[in-house]
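Each remark here refers to the structure printed beneath this line.
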Number of protein chains: 2
Amino acid sequence: MNPVAFSDNDWLDAAAALAARGRPLSRPNPAVGALIVKDGRVIGRGWTCEGGRPHAEARAVAQTLALPGNAARGATVYVTLEPCAHESGRGPACADVLRHMGVARVVIGCEDPDPRTSGAGIAKLREAGIAAELLSSPAATRSLEGYLARARLGRPHTTLKLATSLDGCIAMADGTSQWITGPEARAHGHGMRARCDAILVGGETLRTDAPRLDVRLPGLAVRSPARWVLTRGPVPEGWQAIADPAEASFGDAQYLLIEGGAGAAAAFLAADRVDRLLLYRAPILIGAGRRGLGDIGLGLLGDAHGRWCLTDQRRLGSDTLDVYDRIR
Amino acid sequence: MNPVAFSDNDWLDAAAALAARGRPLSRPNPAVGALIVKDGRVIGRGWTCEGGRPHAEARAVAQTLALPGNAARGATVYVTLEPCAHESGRGPACADVLRHMGVARVVIGCEDPDPRTSGAGIAKLREAGIAAELLSSPAATRSLEGYLARARLGRPHTTLKLATSLDGCIAMADGTSQWITGPEARAHGHGMRARCDAILVGGETLRTDAPRLDVRLPGLAVRSPARWVLTRGPVPEGWQAIADPAEASFGDAQYLLIEGGAGAAAAFLAADRVDRLLLYRAPILIGAGRRGLGDIGLGLLGDAHGRWCLTDQRRLGSDTLDVYDRIR
């Protein structure tokens, strides 16, 4: 059987898809994906494990050890993030592991902003005669957006979820909102929760709806994110509070999901702290209902343009999901 | 060259696409499309002409007369609507024309609700030994929806257009709405106007915005629809008024386009007089702006479901268009 010809970017796309398995459990480490390829065939694959160790490269290398001979010698490693250059008490540097295995080439999807590694991982590989290339892969960068937001901005990558009618209402005028979207869209929303490590609602939503914000999918209840509320008032046990979106760092969370209400959503948008919009829409019209957003401080209509880009669109039962990313 | 094998429904789809060329100029007649096919090849094609004559079948037959011999003899005719059975001062009945030409088979996409023809066109063909079949083609029925709405409901097929931000606003709080959507979406909107023969806004929109509601596309200004306003007050020259959506018949218009504002849109929805929603959305957030719909009289959230079905979705520049049809 002939191996299929994939480009370096195709392999990095595949590594990024593997990396998603570590999200968000790898915290505080980045969720990295790695593939080891020899003669067009995958001989090792790995992703960052729960709590951050083993690293993706170490897992992929461990798989090659089960093969005859030194299978990794002369192979190419595809890894979404620059291999770490620093040893820690939890294991050796990945750059050293790859050097030790005698791989020929390492293709990297994204440079590590961590000052202990940034550039040093690549340098260490090259010193050992390994062809190390940085490709700037969109898929790899996207798969690391939580880690990158923390490293660069000191806050989690932030997604605002809105579930509305076609005319943009999140509830009837009396507050009734069960149900606007159908079971497929709600299940997708719970899947999003499981991929985030922090979730936030506004103070009024907490007081009025007392939402559980847990992951109601079989086997995934343990993945329920840490609960935050935007308030200056007291908070119930099991919740943490922030008073100002512009100043909150959310511990070491990499992925924050904002689930409303209109005031909290508007506060994060006004502070330009939203990186992604998840717009679930049901095929219904409500009319004079409650709207999903409060005042976001927009002065001129022209200023609203050029900020959001449609990146995904799908159907969920009879509902639709549009995903928009903040253009920065 | 071998002819491609098309099914009867494929040919009816093609006839329906031809029929669109007659919309809305064929008024007061239906915009019909016809194809004459022999040995897998099209030998005649036609659509209803401006003002309703010639009919589609007559135009298609006329094309076959330019061919050697009697090309139409033994051919199959695909026509979106049952051929007319009644003679008029403007021409013979199409059923008689087809009989005279000696066609072998007529495949019909939709029965004519006109009592002068309904069933009689098919009967007349069969009496002449022609195999006449009624297929109930979704494409044919959709291409006739203006004519069918007039015949069955005594009113035009009605489309509500909304151009909003992602959060469902049609303007800033101060009324500024130029521009929310981009040039591609606006051009598409003008194309929709050219395909309608009546257009309506609410009284407040007329007073505040004084919209021209014309077709601003090169060469299509003559296709600007008749202008209507929902008001009990006086109307300017060149406009016609209706006071109540539930009672308006809009002359002989087959296609009505409602362009707002929120009150007029809500009034037509509350009266269940909207058959299609055209939702243009720009990738912007406005927040505390003006909403596209007023109170539509919805009592229970559950009652909002099961009424609308997504039938088309496309991108227009950086905007999106979602089309929803009323499920009846």
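Keep in mind that glycine also has a Cβ here, set from the backbone N, Cα and C atoms.
Of the residues B:CYS94, B:CYS110, TrEMBL puts just one in the Zn(2+) site with B:HIS55, B:CYS84: B:CYS94. When B:ARG193, B:ARG195, B:ARG232, B:ARG276 are compared with the substrate site residues B:SER177, B:LEU213, B:ARG216, B:GLU259 in TrEMBL, the one appearing in that site is B:ARG193.
By neighbour count, meaning other C-beta atoms within 10 Å, the densest spot among the binding-site residues B:GLY261, B:GLY263 is B:GLY261. The local packing around B:ARG216 (substrate binding site), expressed as other Cβ atoms within 10 Å of its Cβ over all shown chains, amounts to 14. Ranked by CA distance from B:GLY263 (NADP(+) binding site), the binding-site residues B:HIS55, B:CYS94, B:ARG216 have B:ARG216 at the top as the closest. Among the listed recorded positions, namely B:GLU57, B:GLU259, the Cβ with the most fellow Cβ atoms inside 10 Å is that of B:GLU57.
For B:LEU213 (substrate binding site), the same-chain residues that are 6 or more apart in sequence and have a Cβ closer than 8 Å to its Cβ are B:ARG193, B:ILE199, B:VAL201, B:SER224, B:PRO225, B:ARG227, B:GLU259.
With DSSP states grouped into helix (H, G, I), strand (E, B) and coil, the domain 'CMP/dCMP-type deaminase' (B:6-133) comes out at 43 helix, 26 strand, 59 coil. When pLDDT is averaged over the domain 'CMP/dCMP-type deaminase' (B:6-133), the result is 94. Checked against B:GLU57 (active site, proton donor), the binding-site residues B:CYS94, B:THR205, B:ARG216, B:ALA267 differ in C-alpha distance, with B:CYS94 being the nearest. Checking each of the binding-site residues B:HIS55, B:CYS84, B:CYS94, B:SER177 against B:THR205 (NADP(+) binding site) by C-alpha distance, the shortest gap belongs to B:SER177.
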